[in-house]
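What TrEMBL says about this protein:
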DOMAIN    27-275  domain 'ABC transporter'
TRANSMEM  379-406  transmembrane segment
TRANSMEM  418-440  transmembrane segment
TRANSMEM  473-496  transmembrane segment
TRANSMEM  508-528  transmembrane segment
TRANSMEM  540-559  transmembrane segment
TRANSMEM  565-584  transmembrane segment
TRANSMEM  616-638  transmembrane segment
């Protein structure tokens with residue numbers, strides 16, 4: 001791993017494939033089991049993995065293969081230290097690095113993990129993506145050292161031709177699948193890991209791109225790295241290229257060793273690969289239990305093995321020389337005390353700048369920068385488009401409420417005009433609240449990136465929330481400002497002058513209230529997004545919560561008429577306090593409003609609190625409360641989303 005003081009030496013080579021790592025990693029895993037308990041009253045126990053033994057050495061690419069549901073991804077995550085025993089998840093066994101028993105945090109500190117689905121910010125270029133990632137991962141290196149490292153990686157991974165293209169995603173087309181896979185690999189190579197875990201590196205790619213990715217992995221392994229990957233249905237040429245393979249079925253080890261030894265082992269047990277047949281296809285088809293196939297495809301072929309034969313095959317492997325070789329390798333690592341002559345650096349960038357009090361500010365600045373760049377290039381969410389939408393909406397709605405009449409010749413006319421103004425004020429309140437829900441999609445998309453970078457120890461929840469909010473500020477606060485300014489003057493909401501409350505004061509307080517409403521409604525969006533991993537569900541929940549807050553605000557129904565079972569909810573409604581603040585601003589107490597007094601108007605509208613500041617303070621307090629709840633949930637729930 002690149003640590004403080006090593007950056008310069010690591011970037012002086014001509015290629016990342018020429019780096020001979022002195023601290024190569026020998027990975028060993030003994031008796032790994034993984035069990036999940038489901039149910040409350042009657043517990044159902046599901047065995048995901050059963051006593052798996054595993055080894056991986058520097059210079060080799062080891063592939064974990066098996067049919068769907070065999071446990072290969074679970075094993076990969078356990079080996080990488082990304083799953084721990086907690087609650088209903090029970091993990092047994094030991095994992096060793098160079099003969100030393102290690103914790104999950106130590107595993108993560110000396111390794112990198114490349115996910116199957118590459119989730120990156122779509123509007124950042126390849127160069128920007130790597131630059132900003134390097135700033136997070138290599139804070140002790142100078143800008144020149146990081147630049148040299150990135151140039152080396154871009155060149156060796158064949159990304160030079162697309163370094164200035166945006167990364168894109170499923171909606172924004174830019175890079176090809178193979179290029180995106182290489183960018184994801186490049187991000188993890190920035191810190192120059194000793195140990196690299198890759199989840200299905202060839203999945204979804206054609207033959208040519210799959211071979212390209214595999215050739216990259218073989219080159220990386222030859223430079224002294226240890227590479228472990230899970231693979232689903234590899235092509236023949238790819239299968240033959242792996243140095244070692246582990247075959248799994250229903251959580252059991254069926255074989256571990258070289259491809260040649262694998263073929264020999266199956267032949268010894270009367271399972272011969274047909275001529276001109278891809279061995280991996282044959283093995284993976286064979287390892288699907290016949291009863292599972294018959295359940296869905298009763299008239300299919302008959303060469304699948306039964307559960308009983310599968311158990312026998314696993315038992316034969318456990319007593320074979322191939323299994324003994326794995327156990328001997330692990331014992332050799334432990335007994336020869338590899339950790340003494342191949343010391344590992346388990347701490348990631350813990351010296352100097354990265355360990356002092358400025359670290360959170362440094363991290364926030366990097367996340368803010370990339371959030372701002374990504375958001376500014378998204379036309380549908382851009383500042384210009386949002387501003388135009390808000391201006392056009394303000395002109396249309398302002399035209400409907402244009403220059404509302406004030407006062408009146410009689411109390412009846414006056415109260416009619418009051419309710420017209422109240423309706424106009426409640427509309428701006430509703431529009432500002434719902435307008436801010438647009439950030440639900442942004443928060444949902446960032447969650448996977450946040451979970452992955454947090455799992456790598458790059459930053460925490462607080463830095464993410466602060467940086468995300470700062471990065472989104474201009475896009476969610478400035479466009480609504482255009483709406484509120486135009487709307488205020490078109491409706492004539494400030495046409496009334498009071499002895500102690502000028503139009504300038506009204507306008508200023510009006511803007512403060514609206515901006516506080518927007519800020520708090522964004523807090524609601526953070527809270528709702530934290531509750532679910534589904535964007536569709538969040539978008540369904542948010543309007544319901546917002547409508548409930550409006551119903552109990554006092555506009556549709558006076559607060560003393562709200563049913564007891566839901567009356568408590570009004571105190572969680574920032575809309576209620578925003579509504580009261582806007583009315584107090586438009587009808588300040590102890591003033592005359594035509595034939596009526598403002599006190600009479602406020603009484604009629606059930607506004608009892610006569611302090612604008614109190615209402616604004618409560619709105620801000622609710623905004624902090626929603627964010628605090630989001631912080632707690634983001635920190636403790638759905639932490640594995642995006643890590644599967």
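Think of each number as a place in line: the chain as shown, counted from 1.
Cβ coordinates are placed from backbone N, Cα and C, and glycine is handled just like the others.
Sequence-distant neighbours of the transmembrane segment (565-584) (same chain, 6+ residues past either end, Cβ-Cβ under 8 Å): 422, 425-426, 428-430, 433, 509-510, 513, 516-517, 520-521, 524, 546, 548-550, 552-555, 559, 602, 605, 607, 609-612, 615-616, 618-619, 622-623.
If one looks beyond the transmembrane segment (379-406) by at least 6 residues along the same chain, the residues whose Cβ comes under 8 Å of a Cβ in the stretch are 417, 420-421, 423-424, 427, 431, 435, 438, 442, 474-475, 478-480, 482-487, 490-493, 495-496, 593-594. When each of the listed stretches 473-496, 508-528, 540-559, 616-638 is scored by C-beta pairs under 8 angstroms to the transmembrane segment (418-440), 508-528 comes out highest. Taking pairs at least six residues apart, the transmembrane segment (540-559) and the transmembrane segment (616-638) share fewer than three Cβ pairs below 8 Å and do not count as touching.
For the transmembrane segment (473-496), the residues of the chain that approach it from at least six positions outside its boundaries are 372, 375-376, 381-383, 386-387, 389-391, 393-395, 397-399, 401-404, 406, 421, 424-425, 428, 431-432, 435-436, 438-439, 503, 506-507, 510-511, 514-515, 518-519, 522, 586, 593, judged by C-beta separation under 8 angstroms. Model confidence over the domain 'ABC transporter' (27-275) stands at 90, taken as the mean pLDDT rounded to a whole number.
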